[in-house]
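J.: Below is one structure. I have some questions about it.
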């Protein structure tokens, strides 16, 4: 139904019963009232009141111009001017391959780390077979075991032959025992006993002669 025709007919019928001084603005078929400002907006009212059948065929109601629709279809929703559809498809393919290669690389890295930790657990001795070690526990045990081995190597380098090492420990114990006896005798007022091969040296008493000798040499 044409809004323009129905409104124009109703407008003339209304003024037939109520005579009114003729005014050129009142007989305009596309005006809603006598306001003069509406005359400037006449083209906009015409475009709003026309029915879809009366509209221009080049611009269908509710859709963009054909040229704009063709441009949007050729570029696509995410396309930018200057890019062809083929270039966009190639770019999308590269991105898809890059995303697919990421999980594979991460999986290989995880497998490599797990296998390295499994080998490290086998090198740690005295671990029960049913014990499940986490990665941090494995690293801590490996660090402790390395420190233990370094300590063993250092002791072997200092001691040399184990039999000679035991003999040196006995000599050291005997020396400490004789020194303790001499200090006890000095404390009780008796002259210190001489050990085998020692000679009494004249000098100050009350302290071991070795201590005095060290003080004099300084």
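Quick reminder: no glycine exception, Cβ is built from N, Cα and C everywhere.
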J.: Among the residue ranges 1-23, 24-46, I'd like the one that Swiss-Prot describes as region 'Disordered'.
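T.: That would be 1-23, per the region 'Disordered' entry in Swiss-Prot.
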J.: With helix taken as DSSP H, G or I, strand as E or B and everything else coil, how many residues of the domain 'bHLH' (97-149) land in each class?
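T.: Counting residues per DSSP class in the domain 'bHLH' (97-149), I get 42 helix, 0 strand, 11 coil.
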